[in-house]
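Listed features, source TrEMBL:
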TRANSMEM  89-111  transmembrane segment
TRANSMEM  179-200  transmembrane segment
TRANSMEM  207-228  transmembrane segment
TRANSMEM  240-266  transmembrane segment
TRANSMEM  273-297  transmembrane segment
TRANSMEM  303-325  transmembrane segment
TRANSMEM  346-371  transmembrane segment
TRANSMEM  377-402  transmembrane segment
Amino acid sequence: MFTYVVVYEIPVYGVHHFSLNLWKSYKPVKDPVMKPKWVNELEKNQPLLDLDTVILAINSAAAARLALETRVGFKRSISVFFNISSRSIAFMWQVLAIFVPTISTLFYIALQLFHNVSSFGSKTWIYTTSARVFCTTWTQIQIRCCQILYWPIILQDNGLRSHSCVEYMENTALHRHSMWSSLAVDLLLGNLMGLALLVHAESVCQWILTFASVITNELLRSGSVWLMGVPAGFKLNTELAGVLGVISLNAIQIWSTLWILFSFLFIYFIKGLALLGILFGATIPAALIIDMVSIATLHVSTLHWFISLLYSWQIQALAALWRLFRGRKWNPLRQRLDSYDYTVKQHIVGSLLFTPLLLLLPTTSVFYMFFTILSTAIAFTCILIEITISMIHSTPYIKIFLWLMRRRRFPSGIWFEIASCQNDSLEFACHDKVCSSSEKSYRNNNRGRNRPTIMVSVLRSNFLSIGESLLYFSFNCYYLHLMQGSSWDCLCISSWGGRSRLAC
């Protein structure tokens, strides 16, 4: 007769609970030796014990005991104090659930009124252009409005199901506190950034103006002049390089003149950015910085679009002329190349066009590569800021804080620690994995005898590390989607040709 006793600590909300969710799924090791048939049949059999149901019952032990004590009528001082404290906390939570959504709804109504007033006459080109230019900022404002409207869902009572099991209560609490913790960290970072910008507004403004002047003079103008000569030893077409270089220098000069004329407004923009960070958090000013970078580099994007269009037309013309020499013609209906008999005049005209286009291709390619590198660098900077915004929104701050305070709230799998094994009148303590030789001899001598045996084990839990908890709770839900947005599309478009970041 064999008796197995499992001792476990009753799960308590905020302290610990048990879970069967494993962080890693280990693959079985292939055994080179062929297994007997009875081993395969044993592996195919369903386990007699449903561990999910057992763990659910263990996690619900505290709620069951509390319900039993309440129903039976035990009047303990501790339970009375616990009931009073729980009722007071529930009452305070209900008051907060009424107050916070009311303030949030009023704030949201004010934002909607401001949006309706600003969008009066939405069919005008001014409103449409501003909506396209500041699309990132409007997206972050919509996210903040959704967070404001989400407060009633966060603070509402989720019913008896979430309170019956400690694991359900933990998951509900983590989901409930993730939104306000992200919003609190966003506001904290915004206040730090806003106060720093307010204190050093003049120095920041001066540094940005100096940086823009250095980029314009040392990179854009010098690069355009360098391309008009003999860049890296390449012999380019002087006339075409001169035309493209003059167009680039004129566009850079026009934009530099406008930048100098409106540079006195930049100090007010810095202060407005600081106030936005203090009031709305760090993500909205960061989104506004992305839009302002796109506006400040509009001349680079325009030049890249123009040269990309010229380069694309040139490549398409060369491809069409090459098909003419091969006697092939593109069939747009069937989406294939068909044979076609061209006339002698068509071959002569094609030859006259193919030669200059092919000789002018290196010049166009050099200008295209230069402005593609600049546009890609600008797009990469905007991508880094967008990734930072997404990480601020999606990082589970409350999970990190709770892991640092109490790691036992993040279990990952269970295991059994053998405490003792008693056979007749002799008891073995098996806290260690290694037993003595006398115990082994006693077991060997009494093996096969039908004697009552009692084994006592303690149910333990494995716990997630800080990296595993972050990846387990965040990577699958949020960070995986960072590389699927429109930023990488814009980056690919900027380096493909025929389009620019303006199309994004």
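Note that the numbers count up from 1, one per residue, in the order the chain is shown.
Even glycines carry a Cβ here, placed using N, Cα and C.
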Given pairs 6 or more apart, does the transmembrane segment (240-266) have at least three Cβ pairs under 8 Å with the transmembrane segment (377-402)?
no
Chain residues in Cβ proximity to the transmembrane segment (273-297) (below 8 Å; excluding those fewer than six residues from its ends, i.e. six or more beyond):
133-137, 139-141, 143-144, 183, 186-187, 189-191, 193-198, 201, 212, 259, 378, 381-382, 385-386, 388-389, 392-393, 501
Count the CB pairs under 8 A between the transmembrane segment (377-402) and each of 179-200, 207-228, 303-325, then give me the winner.
179-200
